[in-house]
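Single-structure report; data block below.
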Amino acid sequence: MLTYETWEENDVSFSEEDETKGALSVLSWAYKEYENEIVYACSFGVEGMVLLHLINQVNPSAKVVFLDTNVHFQETYELIQKVRERFPSLNIIEKQPKLTLNEQAKLHGDKLWESNPNLCCKIRKILPLEESLANEKAWISGLRREQSETRKHTKFINQDHRFQSIKVCPLIHWTWKEVWRYVYKHSLPYNPLHDVGYPSIGCEKCTLPVGEGGDSRDGRWAGKVKTECGLHYQ
């Protein structure tokens, strides 16, 4: 088994020539390699809808974790229910932070997402994902190279130093148009905020619509020197 510790033995390669640009092959390999020791960390963005559909074909009982920060858009919570109905056999886990919003405010002040967004992300996303990955050998992410400068070198299989794990990214070669084409072709549910200028949807407090010509991460933590929550630093 390929693990963080045995990374030097990595000789895995995949063809990008099929209709999913290698995504199904990558997922098939991942679930064969890690069996029940892999989880998909899903934010329920539009890429997530594609991956959930593909994962359901490969492993209908796969584990899916959603990092419920308690400050997501209502539309996101409604979408999760639709996904549960569409893919009832998937094991969707809504992971909560240890601190409630009130407890966080008492310790760090109100509106931590404004005063210290990095700490807020650590408490409400990074630490919960660390806990979710503690007993896993690998995790799946919907990163695409086209999304931003910070993601353009992502590979199918990555040694993830942040979580000391293997990060599997099946959609790296997909374009934004291809993602939507797949969603429409398979009549997949998606967050209606995508239709009103939100290409990337995170917490309600830190996500704004993106103007024409911006990249998909421009609406995240707008006005701050920050485009990632910290989950995807290598």
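Cβ atoms here come from the backbone N, Cα and C positions, even for glycine.
Remember, it's a predicted structure, so these values are computed and weren't measured experimentally.
As given in Swiss-Prot:
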- Cys229: active site, nucleophile (ACT_SITE)
- Cys120, Cys121, Cys203, Cys206: [4Fe-4S] cluster binding site (BINDING)
Quick note, Cys120 ([4Fe-4S] cluster binding site): same-chain residues at least 6 apart with CB under 8 Å of its CB -> Gln104, Leu112, Trp113
Across all protein chains shown, the one of the binding-site residues Cys121, Cys206 with the most other Cβ atoms within 10 Å of its Cβ is Cys121
If you count the other CB atoms within 10 A of the CB of Cys203 ([4Fe-4S] cluster binding site), including all protein chains displayed, you should get 22
